[in-house]
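What follows is a single structure, written as structure tokens, with notes after it.
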């Protein structure tokens, strides 16, 4: 998408971005990626799928080097190495639990006391953060992304339930007639909409290079916790497996922070328009005066000669 925008900006007669075939190609690939991501929740534990989002950070870094001609930094190599190592540990030590969830199982999980306690705590924390955000105008990046993470934990629970029930229905075990399926769809759509709202606010107020790694850490942590509590993914896991899995998460977090650290956003530079030589006057400075100077829009004292001639 960014490559398409840069190409359009360099044209003599810029066209709307939606007329670009390259832009539509990028949007299609993004859509297919999200469909694949949702489908993965139907076949793998949340604790495995959520942290693997770090692979997209590595992919974005190397794609920007190939297509946007950015220079590869030592931080990119170090961050990529840490992330790949963490990903290997995640895949190796991820919990292995049955992933075919029926509608009745989802209903039982939904009314279990661990999840109800977790849901009540989430609602309380979210209301406190929302109070500071709305009433006290506290728009710190942690407050905004914490609200996004709390909503994301509900989103991944709903996404996994919906994906699992659709998968079973395709295999012949119809699950779409249960009301819980449609409840989960509503929960998924609502939580996603509010996530976008707060994430948009965070990207408006702060640099993307700060938002991306913090959001990744918060989202992954909340997703893993929700998977542990709602779907009981680490219920029968060995202590060593849990430790190595958490160590893999830590390496992935460090890798994402290293890649995003000190990476500044690039903005298109508007070229300076040379108006040519002004007859009868020597050009000793800029043609356009500094807007911050006290004499903007007025003549300088040294231009008395021009005054007298007029």
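Glycine residues also receive a Cβ, built from the backbone N, Cα and C atoms like all the rest.
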Listed range which TrEMBL flags as transmembrane segment, given the options 11-39, 40-68: 40-68
178-196, 273-291 - the one TrEMBL records as transmembrane segment: 178-196
Contact between the transmembrane segment (115-133) and the transmembrane segment (75-95) (at least 3 Cβ pairs under 8 Å, separation 6+): no
Proximity of the transmembrane segment (208-231) to the transmembrane segment (75-95), 3+ C-beta pairs under 8 angstroms: no
Leading stretch by Cβ pairs under 8 Å, where the reference is the transmembrane segment (140-166) and the options are 75-95, 178-196, 237-260: 178-196
Non-local residues, at least 6 beyond the ends, that sit with Cβ under 8 Å of the transmembrane segment (237-260): 47, 51, 54, 57-58, 61, 75-76, 78-90, 92-95, 209-210, 212-213, 216-217, 220, 224
